[in-house]
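Trainee: Pasting the relevant annotations from Swiss-Prot:
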COMPBIAS  134-143  compositional bias 'Polar residues'
COMPBIAS  186-195  compositional bias 'Polar residues'
COMPBIAS  205-217  compositional bias 'Polar residues'
COMPBIAS  258-273  compositional bias 'Basic and acidic residues'
COMPBIAS  294-304  compositional bias 'Basic and acidic residues'
COMPBIAS  353-385  compositional bias 'Polar residues'
DOMAIN    2-85  domain 'PDZ'
DOMAIN    472-531  domain 'LIM zinc-binding 2'
DOMAIN    531-591  domain 'LIM zinc-binding 3'
MOD_RES   SER2  phosphoserine
MOD_RES   SER2  N-acetylserine
MOD_RES   LYS89  N6-acetyllysine
MOD_RES   LYS89  N6-succinyllysine
MOD_RES   SER111  phosphoserine
MOD_RES   SER137  phosphoserine
MOD_RES   SER228  phosphoserine
MOD_RES   SER260  phosphoserine
MOD_RES   SER313  phosphoserine
MOD_RES   SER322  phosphoserine
MOD_RES   LYS350  N6-acetyllysine
MOD_RES   SER359  phosphoserine
Amino acid sequence: MSNYSVSLVGPAPWGFRLQGGKDFNMPLTISSLKDGGKASQAHVRIGDVVLSIDGISAQGMTHLEAQNKIKACTGSLNMTLQRASAAAKSEPVSVQKGEPKEVVKPVPITSPAVSKVTSTTNMAYNKAPRPFGSVSSPKVTSIPSPSSAFTPAHAATSSHASPTPVAAATPLHLSASGLHVSANLSADQCSSPPNTGKPAVNVPRQPTVTSVCSESAQELAEGQRRGSQGDIKQQNGPPRKHIVERNTEFYHIPTHSDASKKRLIEDTEDWRPRTGTTQSRSFRILAQITGTEHLTESENDNTKKANSTQEPSQQPASSGASPLSASEGPESPGSSRPSVAGLRSAAAFKPVGSTSVKSPSWQRPNQAAPSTGRISNNARSSGTGASVGPPQPSDQDTLVQRAEHIPAGKRTPMCAHCNQVIRGPFLVALGKSWHPEEFNCAHCKNTMAYIGFVEEKGALYCELCYEKFFAPECGRCQRKILGEVINALKQTWHVSCFVCVACGKPIRNNVFHLEDGEPYCETDYYALFGTICRGCEFPIEAGDMFLEALGYTWHDTCFVCSVCCESLEGQTFFSKKDKPLCKKHAHSVNF
């Protein structure tokens with residue numbers, strides 16, 4: 001941003017006009033300049049945004065506050081501004097670098113030359129599962145999806161014919177616990193973009209004999225070879241119908257209808273994004289063949305336990321977290337290894353500036369905090385214990401309150417937050433009882449057990465959040481007001497800041513008068529500038545009828561005879577020792 005500072009030598013006028021402010025929901029900007037004025041000579045331009053006035057940020061100022069702040073600068077005016085050209089530029093939109101969703105459309109089959117890749121003999125790769133069947137349609141299309149449940153035929157071939165066996169197909173490993181998939185595919189990432197750089201190639205499969213291949217896996221591979229052979233080559237094989245399950249023996253009933261259309265409808269169900277760890281049909285068949293279908297229940301339980309102890313913030317990758325790779329997700333069916341996705345998901349989705357683990361901050365300092373595993377979205381962390389609260393505000397009429405700690409055993413109240421019975425020590429605030437761990441700020445979620453809080457609009461906020469978002473600013477000291485607020489002259493004031501100029505006492509809610517823009521209490525104003533009635537010794541206020549006689553000023557109703565109290569307004573009167581008398585008592589009364 002192109003920020004610059006200007007210093008205009010006083011006195012006013014400064015040669016510019018302002019527009020905007022917090023009350024107009026727009027930043028303070030320069031609306032017009034006077035030709036040859038001080039602002040114009042300092043190279044200030046129309047449209048420049050005012051960032052600070054005399055060292056005080058103008059971001060939260062209203063239009064009137066900014067005007068008063070500029071008026072208060074008599075000697076010199078220092079401002080920090082931002083050029084209009086830099087302020088008008090929109091910030092670049094951050095594009096999420098996630099994996100785009102796959103567009104399902106038919107792809108014609110081509111057969112280019114395939115480069116051979118040598119592989120070591122100790123690789124435990126097996127063919128990916130695919131349905132049984134035969135060719136039935138003259139025109140077939142393929143739906144390439146390397147990470148889907150139905151792996152393409154060219155990606156599941158043996159190591160002698162696959163150019164990229166690791167990236168194109170999901171390898172299967174045979175271990176002591178059975179057949180499982182090595183890559184943990186996330187449920188939301190089952191659809192990955194097709195590899196358009198390498199067209200699908202259907203190569204007739206050759207039987208692969210390894211030391212770890214079981215008889216069931218060989219039968220599955222044999223069925224896959226039968227399904228991949230036909231008059232016309234296709235990638236995902238012919239359409240399939242129902243699968244009858246009888247003691248792990250499967251009978252496939254092929255159909256000879258519109259295979260291309262029905263294949264597109266049925267097969268897309270397997271690689272559509274799912275929630276949780278739902279298995280596709282091919283994986284369920286494979287799990288029953290290898291005898292690992294019962295391992296899924298224990299895996300789901302472990303995954304749920306791992307996920308229940310963590311609450312990652314569901315924010316996009318543009319907030320600072322790197323996009324998840326294919327290995328970060330729920331464990332694939334048939335695997336006996338514990339999934340690491342539940343342990344890594346919180347770190348992968350953690351936004352910038354968030355803390356890792358937040359311990360219960362309602363505990364006293366130097367006390368061991370139990371491990372909870374809750375993820376805090378707040379930038380402030382209480383560490384191992386609650387930090388010592390700020391000192392009590394100096395305002396006597398402060399709005400900040402503190403909760404009262406009640407030990408356990410006296411009574412069992414109901415918590416105002418969760419409406420549950422409290423067993424153990426609790427807090428009392430605003431006439432209600434709270435669990436210590438649930439008495440938190442409504443904004444930052446920090447505990448308020450040992451710090452002050454303020455009630456605002458039915459919610460409870462800590463001192464810091466209330467000062468930041470709700471507390472008004474004093475018109476004299478420019479500080480936040482946490483106590484009693486005085487509203488006068490279209491501004492807010494501390495009680496100790498809105499005082500009489502003459503006596504220095506707080507005016508509070510009493511009557512005051514302005515003289516040359518300065519407030520005076522009623523007593524000092526009339527003593528310095530007002531007129532006192534000679535008769536009642538009360539001030540003659542604006543609008544009162546008065547008259548002047550005997551060198552003094554009187555209310556029209558106070559200028560009466562000192563003996564009979566008859567009004568002497570407009571009548572002949574006499575005076576003895578500066579006391580007015582009527583004709584009747586002028587010669588009969590001696591003072």
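Glycine is treated like the rest: Cβ placed from N, Cα and C.
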Trainee: From the DSSP assignment alone, can you count helix, strand and coil residues within the domain 'LIM zinc-binding 3' (531-591)?
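Mentor: Secondary-structure composition of the domain 'LIM zinc-binding 3' (531-591): 0 helix, 18 strand, 43 coil.
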Trainee: Once the DSSP letters are reduced so that anything not helix or strand counts as coil, what is SER2 (phosphoserine)?
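Mentor: Assignment for SER2 (phosphoserine) reads coil.
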Trainee: Using a 10 Å radius around its CB, how many other CB atoms surround SER2 (phosphoserine)?
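Mentor: Taking every protein chain into account, the count is 12.
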